[in-house]
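Per Swiss-Prot, the features are:
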ACT_SITE  His221  active site
DISULFID  Cys200-Cys217  disulfide bond
DISULFID  Cys332-Cys338  disulfide bond
CARBOHYD  Asn8  N-linked glycosylation site
CARBOHYD  Asn63  N-linked glycosylation site
CARBOHYD  Asn94  N-linked glycosylation site
CARBOHYD  Asn130  N-linked glycosylation site
CARBOHYD  Asn159  N-linked glycosylation site
CARBOHYD  Asn209  N-linked glycosylation site
CARBOHYD  Asn301  N-linked glycosylation site
CARBOHYD  Asn331  N-linked glycosylation site
CARBOHYD  Asn363  N-linked glycosylation site
REPEAT    152-183  repeat 'PbH1 1'
REPEAT    207-227  repeat 'PbH1 3'
REPEAT    237-258  repeat 'PbH1 4'
SIGNAL    1-26  signal peptide
Amino acid sequence: MVRFISLNISVTALLLFSFRTHLTTAASTNTCVVAKDSSDDAITIAKAFEDCKTDGTVVFSKNTTYSLKSVLELSGLQNVNVDLAGTIELPARNTSYSTTSAFIHFEGSNINLYDALDHTAPPTILVSANDSSFGSFRIVNAPRAHMRIKNSNNILVHNVTFHTASSNICYLPKNTDALQITQSSNIVFKDSYLTVGDDCTAINGGVTNVTVSNIICNGGHGFSVGSLGKGGSTDVVRQVRVRDSTCNGCENGVRIKTWPGGQGSVSDVNYNNIILNNVDNPILVTTHYCDPNVIEYCNSNDTISLTISDVHFKDITGSVSALGNPVVNINCSSLTPCSDFTLSGVDITRVTTTSNNVCENLNGSSDISVCS
């Protein structure tokens, strides 16, 4: 087991923890307190992990900031507890890190972490693990996505605070998704507070059985499934539950987005008891998603995309912004229409400029009251 306690990361650039072994639980027999270094704290951090890499505890002292000038790669750890009571300050922006897989990479099994403007940057934390939990930590001012779960099973993320915002409208915190999930199953994300510049959740291809609950997200792009099917690729997502959560001032509220020309399916998706306050696009399902930063992928066959079915919106309340967008916008492809949708308890306060709801290429739309 690798156990992390009291993690407080002030993100300005790059840090990489790489755990490459499968780890088992054992009592700690040695404690190594990370010392400060006059030039680069990565040196003393590496030494502490080397000295306590088997059945040890590595301690980052409380009220201490550790400044890194280089990348850390920590491997060969067995049964290590990590008490991150201090703050890790990552290196200054450096484009040479743009191809790095993550700032912090946890790879292994039974990992437990507790109490704890570069748009080409990798995510801050990458999890590739099984039967692991990550909770009660903060990430502040991430340069890109805060956390990504990939090739994982049975992961719990809880009681986290992600805060990335900008006071300068010319430098918006783009691509700062809170939690990205891909090629994974049995994921729970709950009891967390987010301020981000992109998706509050991004549930991507190859994902099964995700539960998101009791999340407050501010200023983000909503609780999203996708994007999926980019460049004609095949993606499958099923069994998604998003409930008892809030989006404040978000661009989108609850959203499913697939690219034109994509293949695969989205099914068994439930949004339940969601509060959307001053949201531009409260309920949005589109098979015509386009990212202008990669416009070459926007020109595929717009009549087909992933099939989206068995999707249910229940008790979605709040208010729409003054931009004039519809409360409900379901816009599917003509040759792969959406089907088996229900919308009940939708109570979003409109403004005078709010457009009529859209339900295009949705089978059974005549039986859905918000579509008429």
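These residue numbers are counts, starting from 1, taken along the chain as shown.
Heads up, the Cβ atoms here are built off N, Cα and C, so glycines get one too.
Comparing the disulfide-bonded residues Cys217, Cys338 by how many other C-beta atoms lie within 10 angstroms of each C-beta, the top residue is Cys338. Comparing Asn130 (N-linked glycosylation site) with Asn209 (N-linked glycosylation site), their Cα atoms are 14 Å apart once rounded. Residue pair Asn159 (N-linked glycosylation site) / Cys338 (disulfide bond) shows a Cα separation of 35 Å. Only residues 6 or more beyond the boundaries of the repeat 'PbH1 3' (207-227), in the same chain, are considered here, and those with a CB under 8 A from a CB of the stretch are 165, 178, 181-201, 237-259, 266, 269, 271, 274, 279, 281, 284, 289, 291. For the pair formed by Cys332 (disulfide bond) and Asn363 (N-linked glycosylation site), distance between Cα atoms is given as 10 Å, rounded to the nearest Å. All protein chains shown were included, and the count of other CB atoms within 10 Å of the CB of His221 (active site) stands at 26. Here the candidates are the recorded positions Asn63, His221, Asn301, and by Cα distance the one nearest Cys200 (disulfide bond) turns out to be His221. When the alpha carbons of Cys217 (disulfide bond) and Asn209 (N-linked glycosylation site) are compared, the span between them is 21 angstrom. Sequence-distant contacts (6 or more apart, same chain, Cβ under 8 Å) of Asn209 (N-linked glycosylation site) comprise Ser185, Asn186, Ile187, Arg238, Gln239.
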